[in-house]
Amino acid sequence: MGGPTWTVKLGRRDSATASETDANDNLPSFTDDLKELISLFSRKGLEPQDLVALSGAHTIGQAQCFTFRDRIHNEDNIDSSFASTRQRSCPTSGSNTNLAPLDKVTPNSFDKSYFKNLVQLKGLLHSDQVLFNNDSTDSLVRTYSNSRSTFFADFASAMVKMGDIEPLTGSSGQIRTNCRVPN
């Protein structure tokens, strides 16, 4: 998909179980405002720069209608043409599972288009557009929208930092023989 590379540390211990409650308590929501996003990332030792860089992963992927319905129908920090286009497949009710690309311009390429979209008020999710909304992260969004190399370097650095969050040690967890499934 054309994105950056980084060195992944080997031998990380993973949990043998999963917790939906922990995930819901620790992962950002599509409805979060900037203050909440910064707080969530800060609790894990990540800076606002890491938040913005990692959000750039939304240059690929899709979202279901229910996650962006309120944004395209009720928010005013959105390009009207973009909102109108999205409203055609995501009406005010129903069609919850209809999909739209997070990055309408290059949905299958890992690039800086996501940030250009934010500058143009074409962020699909509320939690994306808050990164560029006359607040403290606007300058980072603008920098990434203009510099692929800066975005890629900061994204790779943030991925390494994210990999170091609360590692399991000793006999906790397991080193998986297949990273997709518990041993």
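FYI, residue positions are counted from 1 along the chain as it appears here.
Keep in mind that glycine also has a Cβ here, set from the backbone N, Cα and C atoms.
All annotation found in TrEMBL is predicted automatically rather than curated by experts.
Among the residue ranges 1-25, 26-50, 76-100, the one that TrEMBL annotates as region 'Disordered' is 1-25. It is 20 Å from the Cα atom of Thr106 (Ca(2+) binding site) to that of Cys90 (disulfide bond). In this structure, of the binding-site residues Asp103, Asp111, the smallest number of CB atoms within 10 A of the CB marks Asp111.
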